[in-house]
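Q: Take a look at the following structure, please.
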Amino acid sequence: MNILLTGGGTGGHLAIAKALMESLASKNQSLFFIGSQRGQDRSWFEHEEGFKRRFFLETQGVVNQRGIAKIRSLSSQFQAMLEARKILKNHQIKRVVSVGGYSAAPASLAALSLGIPLYIHEQNAKVGLLNRLLKPFSRAFLSSYDSNSLIRDYPVRDAFFEVARVRSRVKKILFLGGSQGAKAINDWALELAPLIHQRGIAIMHQCGEVDYERMKRGYEERSIPVELFAFDRAIHQKMQQADLAISRAGASSLWELGANGLPALFIPYPFAAGDHQYYNAKFILDQGLGWMVRQENLSTEVLLEILEEDLSQKSECLMAYVKRGAADRMADFILS
């Protein structure tokens with residue numbers, strides 16, 4: 001069957017697309033992808049052999065635009081939708097699966113206009129505008145936060161489960177700023193570094209490409225040993241080494257940490273659309289599976305309290321809560 005995956009913009013959306021691609025490819029399906037020329041879509045999938053064809057259309061986000069910029073964004077989305085219609089027809093696509101993000105709009109709307117079944121995965125606890133609009137017209141709407149969802153497990157790649165382990169005491173901390181880094185987390189890491197080092201705890205830090213040189217100087221000036229990196233696609237290998245993560249609350253990071261059994265202190269990005277990272281972290285907090293602090297409330301005391309805890313119960317509960325095989329269950333559902 002010819003199936004098209006669409007969506008992206010950020011690593012969170014694209015991680016879901018990759019997990020679904022791997023599962024559907026293992027079931028001998030012919031896969032196609034439509035993303036955007038902007039964002040990270042091209043860097044993730046331009047050379048991805050799991051897709052038979054990959055298309056990157058000229059689109060940009062609409063939600064945060066105003067005035068003329070919003071009109072231009074809507075116009076680019078409409079033109080891209082017309083291109084997507086041609087792609088779907090030319091390649092006889094039978095299913096379209098959206099993983100969200102502004103780059104999902106053209107192919108999703110094209111699918112509905114052509115009567116092709118549309119499946120939507122919502123990665124966040126707070127439903128995005130596009131998915132909210134398309135949900136009533138979709139064949140199925142899947143969400144890990146929705147009690148009415150037919151599949152509630154989050155599609156995390158097997159690699160994160162394969163290196164999972166139970167943590168107890170903190171010997172190494174991993175700072176995670178998401179696929180693009182986070183200046184607030186970077187700054188807090190430098191503030192905490194002397195205290196962490198004094199306690200004999202090792203530091204790993206994913207700081208993003210833009211802030212890499214500044215962070216490198218910052219650790220050197222403090223004479224703090226650190227494993228510093230801008231970004232790593234094999235982030236599961238970094239997680240496996242850590243005992244505690246300090247992270248943004250993007251959905252994929254949140255569930256990947258859970259699959260790995262790695263307890264985390266979440267610092268939601270305060271300017272995320274609809275404050276969705278706060279609601280993502282709150283969902284985990286409400287299950288008793290992690291910690292959360294608002295960016296404006298960061299303090300040394302927050303970390304000190306966690307360092308005194310035995311993490312084994314949270315770690316074990318995370319591993320039990322996040323189920324393996326969600327991508328396969330979603331793939332089977334889409335093919336049924």
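Glycine is no exception: its Cβ is also placed from the backbone N, Cα and C atoms.
Below are the features listed in Swiss-Prot for this protein:
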BINDING   T10, G11, G12, N124, R157, S179, Q277  UDP-N-acetyl-alpha-D-glucosamine binding site
Q: Once the DSSP letters are reduced so that anything not helix or strand counts as coil, what is N124 (UDP-N-acetyl-alpha-D-glucosamine binding site)?
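A: DSSP assigns N124 (UDP-N-acetyl-alpha-D-glucosamine binding site) to coil.
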Q: Counting Cβ neighbours within 10 Å across all chains shown, tell me which of the binding-site residues T10, N124, Q277 comes out on top.
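A: That would be Q277, with the highest Cβ count within 10 Å.
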Q: Find, for the listed binding-site residues G11, G12, the residue with the lowest Cβ contact count at a 10 Å cut-off, counting only other Cβ atoms.
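A: Among the binding-site residues G11, G12, the lowest count of other Cβ atoms within 10 Å belongs to G11.
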Q: Could you say whether, by DSSP, G12 (UDP-N-acetyl-alpha-D-glucosamine binding site) belongs to a helix, a strand or a coil region?
A: helix
Q: Around R157 (UDP-N-acetyl-alpha-D-glucosamine binding site), how many other C-beta atoms are within 10 angstroms of its C-beta?
A: 20
Q: Check the DSSP secondary structure of R157 (UDP-N-acetyl-alpha-D-glucosamine binding site), expressed as helix, strand or coil.
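A: DSSP call for R157 (UDP-N-acetyl-alpha-D-glucosamine binding site): coil, neither helix nor strand.
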